[in-house]
Amino acid sequence: MEPKRKSGSLAKHDLPQFYLLIMLYLAQGIPVGLAFGTVPFLLKSLAKETSFTSLGIFSMATYPYSLKIIWSPIVDSLYNKRIGRRRSWIIPVQFVSGFVLWALGWCISQGIIFDGVDDAFHNRGNGTLHSVSIKNLTWWFGLLVFLCATQDIAVDGWALTILSKESLSYASTAQTIGLNIGYFMSFTIFLSLNSSDFANKYFRNIPLDHGFISLGGYMKFSGMLYIVITIYIIFCTKEKPYVEYLPKVEPINTSDGGSKPISIEYDDGDVVSTQNTSSIKYIYRCFIKVLKLKSVRSLAFIHMISKFAFQCNEAATNLKLLEQGFKREDLAVTVLIDLPFEIIFGYYVVKWSSDKDPMIRDNRRLRNSTGTNKVIKFLVGDAGVLTPWLWGFLGRLAAAVLGSYVVKQFPKDGEISTGYFCLVIFQHLLGSFMNTVQFIGISAFHTRVADPVLGGTYMTLLNTLSNFGGTWPRLIIMSMINYFTVYQCTIPGTNKVYVTHGGSMQACTELLNGTVTILRDGYYITNLICIVVGLFLYFGYLKRKILHLQSLPISSWRCT
């Protein structure tokens, strides 16, 4: 008899598909890292007078990633049967994405877009920005994120069928590993290798004015990587490696143009029912049914409000450190340290999120046998599938509190001590790790409750709500920081002093050649508001509702 596989472990026959998903999510993480991290970083570090409102406007480039549900049913229903439902979209979208990345990289290298960011690499200047058009940057990177979001719809749907049922929970692990590696490549690793200070300090005997990799060069390399991955998908993959149809049955047409259900059998013996998923009308009708489910509406509301509590910390803390003089290559190192932790512990968070895993049962017994039961129950309630999400929420709140302390304690003389550097590392490690705990926990829950019949549409709906919950507050948060901040502008050679409430530093430094002094920093006020709102939301609503949702049967999430 074949030895029984351990509960919760990845099946060996699913390893090729698992690695393929990692590569697809890695490719997706490249433009995400550029739009969400690198470009705002470069804008703030190369032009410190860039206002937080301008950064908030650029954040609109990330909106397609949060609005992809609008065209998700189209991606789910229109496809070439010979190529496959998911490959029909992944292949052309990745080809176009690769071309756009390469073309955008070429334009940046030539100074046509993002003028000045690569000047030091081409002997055109010292690397300072030249009147960058935030509007143009937003449009170009918005296009890139739109393509990335479309690819994400297809990959999320593919993850539901490319893995066997026994390994389905590892789709969220592949997503976490791939997205993190791609994000770190485009954000942390790129910023380190792009920095002249980093290269001169650690690798060069003779200092130069530029780092190892330019932004344009990196984007052209990323475009070629997209093409290589796409060629592999064309020639080396199948749409359904472990899914076989039962004996062929001709669909029976119904009055509404659809078809009666057909059974699909997976290799692991699970049988699900499907209909004519090539009908856009059918997919949209099912989509509306899903939105009407009480459980989905409750989860949607949670997604829309839960991330407000951390937005100031995660969007502005690193930028405030840059503004005060923290070197971007040092900040990149703090982010780099986090990568192995997220990959290693991601596996255990998946097991933690499985209600079939012994870890949860052991956790329940531990609560009943220790004196910490009351404290734990007060904080996260009874153990369940979403317990990691609850702990992650509290951990990110703690990281937000620590973020204000880290910015406040920045050395007045600008000299970074080892102790302070370790404090920055710890704060970032806490925040990003707890973010990963929440992400894997909720992704595993999404995979568990999503209806395989709807494939990418259902997963995209849940993931879109989660993403948009972290996107919509960002412009508001950035505007709040600007509004609550009071600047003093001193004009040299005169006795004139202007006090601006919620104004722009750029007007003072560029138009008046003045010196800016911050009298009141709106970052602290905004972060405090977010934390207080988060505490009220968690103990007043979120914890209670999450405990209810995780106890619902799978039938509460299905419309087919």
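Backbone N, Cα and C define each Cβ position, glycine as well.
Owing to the predicted nature of the structure, the values given are computational and were not obtained by experimental measurement.
Feature annotations, courtesy of Swiss-Prot:
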- 1-17: topological domain 'Cytoplasmic' (TOPO_DOM)
- 39-54: topological domain 'Extracellular' (TOPO_DOM)
- 76-88: topological domain 'Cytoplasmic' (TOPO_DOM)
- 110-139: topological domain 'Extracellular' (TOPO_DOM)
- 161-172: topological domain 'Cytoplasmic' (TOPO_DOM)
- 194-214: topological domain 'Extracellular' (TOPO_DOM)
- 236-329: topological domain 'Cytoplasmic' (TOPO_DOM)
- 351-374: topological domain 'Extracellular' (TOPO_DOM)
- 396-421: topological domain 'Cytoplasmic' (TOPO_DOM)
- 443-521: topological domain 'Extracellular' (TOPO_DOM)
- 543-560: topological domain 'Cytoplasmic' (TOPO_DOM)
- 18-38: transmembrane segment (TRANSMEM)
- 55-75: transmembrane segment (TRANSMEM)
- 89-109: transmembrane segment (TRANSMEM)
- 140-160: transmembrane segment (TRANSMEM)
- 173-193: transmembrane segment (TRANSMEM)
- 215-235: transmembrane segment (TRANSMEM)
- 330-350: transmembrane segment (TRANSMEM)
- 375-395: transmembrane segment (TRANSMEM)
- 422-442: transmembrane segment (TRANSMEM)
- 522-542: transmembrane segment (TRANSMEM)
For the transmembrane segment (89-109), distant same-chain residues with Cβ under 8 A (at least six beyond the ends): 24, 27, 30-31, 75, 79, 83, 117-118, 121-122, 140, 143-144, 147-148, 150-151, 153-155, 158, 214-227, 229-230, 233-234
Maximum Cβ pairs under 8 Å to the transmembrane segment (55-75) - stretch from the list 18-38, 140-160, 173-193, 522-542: 140-160
May I have the DSSP-based helix, strand and coil counts for the residues of the topological domain 'Cytoplasmic' (543-560)? 12 helix, 0 strand, 6 coil
Whole-number mean of pLDDT values that fall within the topological domain 'Extracellular' (443-521): 78
Could you give me the DSSP helix, strand and coil counts for the topological domain 'Cytoplasmic' (76-88)? 4 helix, 0 strand, 9 coil
